[in-house]
Amino acid sequence: MDNSAYEAEVGEIKEDATATQDSQLEAIIVRIGDFGRFQMRNYVLLCLPIICSTFHSLSFVFTASTASYRCFIGDCDTENSSFIEPWLNFTIPRSDDDWDQCNQYQSIGVGCDADTFNSSQIVSCESGYKLMDDDGSIATEFGIYCSNQWQLSMVGTVSFIAHIVGMPMGGYFSDRYGRKATLVVAGVLSAITGLARSHTVGYYSFLLLEFLSMFVGSPLFYIALLLAVELVGCKQRVLFGMIISLTYAVAEVALGYLASLIRNWRVLLRVIYTPALLHLLFICYMSESVRWLLSQSRELEAVDILRDVAIVNQRQVNERELSDMVRHNRKVISQTRAAGGHYTARQIYNALGHRTATCCGLWLIIVFISMGLTLNSMELYGDKYRNFGLSGLVKLPGVVFAMLLMNRLGRRWTLNLCMGTCSISLLLMVALINEYPTVSWHLFFLAQMANIGSHMVLIFFTAELFPTSCRSSLLALCYMIGRIGAMLAPSAQLLISYYKYTPHLLFAALGIPSSVLSMLLPETSNETLPTTMEQACALDLHSSRKSSVSHSTG
């Protein structure tokens, strides 16, 4: 069945039943409180997987960081010698205005004076290495220096690959077995593998457990986001989405602070992975997504949760409304083509193939630009822990600004505005960099803020575009494509050999088509989350009607 045939079939379904079921659930959620104690309690709980996801996915920045070292000069160095000594001038050559880390002048005698070193003959370090300070990373403990530096970069690469492989698996299990169960299993397994990694005795066992911990923990963020989005009515989704996004940024700042206090990588891993065991509490205190339960025809469980929400929020629930919702949900589910509450890949492709491809394209471009801007950002000097925390802190205004615009302009226009601002800012930065460097620096900062805002909007927007029974799988697919964009971003650095600001021009050029692509998606502002494929396809019709109404009133 092609896309047009499927849309024709959607039109034949009784729209009043679908609309009634959606409006009834939204009305019940509002009546029993969509911003009450129950939601606040669950959002506090959902901060745990968000924080753990941030800590775990970025931990390699510190556990596999490069060390500052130089050659240990056997005839000169002692146990009490400093990293910088006067005799370095005739024992170690200079490289890029600093002491060469991996080479020294050849020793031709005994003693520590200029006559015992041949400055015309450079050799590799003969007696090992002298550390500036023991930063407690695997580099110093496993002896990863000079020609083996690639092993440190490999840790980050393995982390990316684990996310790419793990996200689709997590999305599948989330749609098949539920958000809550997948979140608990992912959190606990992530804690176990992370704590095991803190006890490794060799590089390759560390690398294996890095992959396993990232693989099992990759679904934490987006499943927590789905639970948050599916927990409230359409009027509160943006507010709670902003809370989730800000939690991620604050957690990044906190990681930099923790790493500055805990300089031993083993202790750091134990500190950031042990809290993930608290996901076991979700078994008793976290409720399953009501929307997911309804999509699986588990109406009685959904009704029980709605009653609990009403009790905690000290509201009254109308039993007749619950009965009507159950009856209409069964009617809508019976009219879908989902076998056992799950759609096949072919059904998803026929119905939402174009929308999925558009979302994947946006994720690829926006994450590519985001990672590229990070790599091309003006170098920050000073303490690496403080700089890492600042990089998370600057995300806060971008997130807040974008989320506030979503309520006023809608999802599509906010995404369009953010990416357009990013492209224009980068073009102006390149044009003004020589004459107005300070202005260009602020324009680059504005481009980063706009890109961060677009990334947050895209995460939120994607979750609203797909039906409940396959929402997690398709969101995970988009995340996976985004990770591929992040892995490709370092290749943009190669363009600097042609022109220093070629990467910035490339990012600006890619931002323009992404802003256009966003307008191909249906607007989801003030729309209920679709439960079935038919309801998801109907978003295109609703969006077209809104556009026609706005044109006619204009």
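Just so it is clear, glycine is given a Cβ too, placed from its N, Cα and C backbone atoms.
Look at TrEMBL and you will find 104-526 tagged as domain 'Major facilitator superfamily (MFS) profile'. Averaged across the domain 'Major facilitator superfamily (MFS) profile' (104-526), pLDDT for the predicted model comes to 87.
Residues of the same chain lying 6 or more positions beyond the ends of the transmembrane segment (43-62) and with a Cβ under 8 Å from any Cβ of it are 137, 155-156, 159, 163, 183, 186-187, 190, 194, 210, 213-214, 217-218, 220-221, 223-224, 227-228, 231, 240, 243-244, 247-248, 251-252, 254-255, 259, 265, 268-269, 272-273, 275-276, 278-279, 281-282, 285-286, 388. The transmembrane segment annotation in TrEMBL covers 43-62 (among others).
What TrEMBL records for 150-169 (among others) is transmembrane segment.
What TrEMBL lists as transmembrane segment is 181-197 (among others).
Sequence annotations record features per position, and here TrEMBL assigns transmembrane segment to 203-227 (among others).
The list of residues near the transmembrane segment (239-261) in space but at least 6 beyond its ends in sequence, with Cβ under 8 angstroms from a Cβ of it, reads 35, 39, 43, 46-47, 50-51, 53-55, 58-59, 61-62, 221, 224-225, 228-229, 231-232, 268, 271-272, 383, 385-393, 395-396, 399-400, 403, 456, 459-460. The transmembrane segment annotation in TrEMBL covers 239-261 (among others).
Outside the transmembrane segment (267-286) by six or more residues, the chain places 41-42, 45-46, 48-49, 51-52, 55-56, 59, 62-63, 136, 180, 183-184, 186-188, 190-191, 194-195, 197-198, 213, 217, 227, 255, 258-259 with a CB less than 8 A from a CB of the stretch. Taken from TrEMBL, the feature transmembrane segment applies to 267-286 (among others).
Annotated transmembrane segment per TrEMBL: 356-375 (among others), in sequence order.
The feature transmembrane segment is assigned by TrEMBL to 387-406 (among others). Here the transmembrane segment (387-406) has Cβ contacts under 8 Å with residues 61, 238, 241-242, 245-246, 249-253, 255-257, 259, 374, 380, 414, 417-418, 445, 448-454, 456-457, 460, 525 of the same chain, all six or more residues outside its ends.
The transmembrane segment feature in TrEMBL is assigned to 413-433 (among others). Within the chain, the transmembrane segment (413-433) has long-range Cβ neighbours (under 8 A, six or more residues past its boundaries) at 362, 366, 369, 402, 405-406, 439-440, 443-444, 446-447, 450-451, 453-454, 457-458, 461, 501, 504-505, 507-509, 511-512, 514-516, 518-519.
Annotation comment: TrEMBL describes 439-462 (among others) as transmembrane segment. Outside the transmembrane segment (439-462), and at least 6 residues removed from its termini, the chain residues within Cβ reach (under 8 Å) are 222, 225, 229, 237-238, 241, 245, 359, 362-363, 366-367, 369-370, 373, 377-378, 394-395, 397-399, 401-403, 405-406, 411-412, 414-415, 418-419, 421-422, 425-426, 428-430, 432-433, 474-475, 478, 504, 507, 511, 514, 521, 524.
For 474-496 (among others), the entry in TrEMBL reads transmembrane segment.
Counting Cβ pairs under 8 Å that are 6 or more residues apart, the transmembrane segment (181-197) and the transmembrane segment (150-169) reach fewer than 3 and are not in contact.
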